[in-house]
Amino acid sequence: MSDNNQALKDAGLKVTLPRLKILEVLQQPDCQHISAEDLYKKLIDLGEEIGLATVYRVLNQFDDAGIVTRHHFEGGKSVFELSTQHHHDHLVCLDCGEVIEFSDDIIEERQREIAAKYNVTLTNHSLYLYGKCSDGGCKENPDAHKPAK
């Protein structure tokens, strides 16, 4: 039995072709922080005939089962990533939407200190930092942050 079949069964989900195909796409390195619409387009590019409504339904099931994590970055649409990754935080460009994952031990320790100060036991947290790509590195607007000539 494949790992994906077992992952679905472990999550209490029936193994179906749409679930397997969507899980396969989510496992591709370039498909982290992917919207339902972009995942649907990727499936179409791969020749898969899975409807957009099915993609949304499966992503919601995966989210409920803990297979994916849903993020609501600025801009209003949800994006998804596999939940099997290590804890990390996110930097998000407000112009192009690029998402950079990072981990920082100092930030993690400071959060624990703040929680202890207020007598709170942390169970989970999410940290999103928003900004704009600098030095012309923005995919959406490469000239937005260059000095005027």
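Keep in mind that glycine also has a Cβ here, set from the backbone N, Cα and C atoms.
Per Swiss-Prot, Zn(2+) binding site is recorded for His33, Glu81, His90, Cys93, Cys96, Glu101, and the stated evidence type is similarity to another entry. Its Cβ placed at the centre, His90 (Zn(2+) binding site) has 18 other Cβ atoms within 10 Å.
Taking the Cβ of His125 (Fe cation binding site) as centre and 10 Å as the limit, one finds 11 other Cβ atoms among all the protein chains shown. Here Swiss-Prot flags His87, Asp89, Glu108, His125 as Fe cation binding site.
For the region 'DNA-binding' (1-84), the number of residues in each DSSP class (helix H, G, I; strand E, B; coil) is 45 helix, 11 strand, 28 coil. Look at Swiss-Prot and you will find 1-84 tagged as region 'DNA-binding'.
Per Swiss-Prot, region 'Dimerization' is recorded for 85-142, and the stated evidence type is similarity to another entry.
When the binding-site residues Asp89, Glu108, His125 are ranked by how far their Cα is from the Cα of His33 (Zn(2+) binding site), Asp89 comes first. The number of other CB atoms found within 10 A of the CB of Glu81 (Zn(2+) binding site), across every protein chain shown, is 19.
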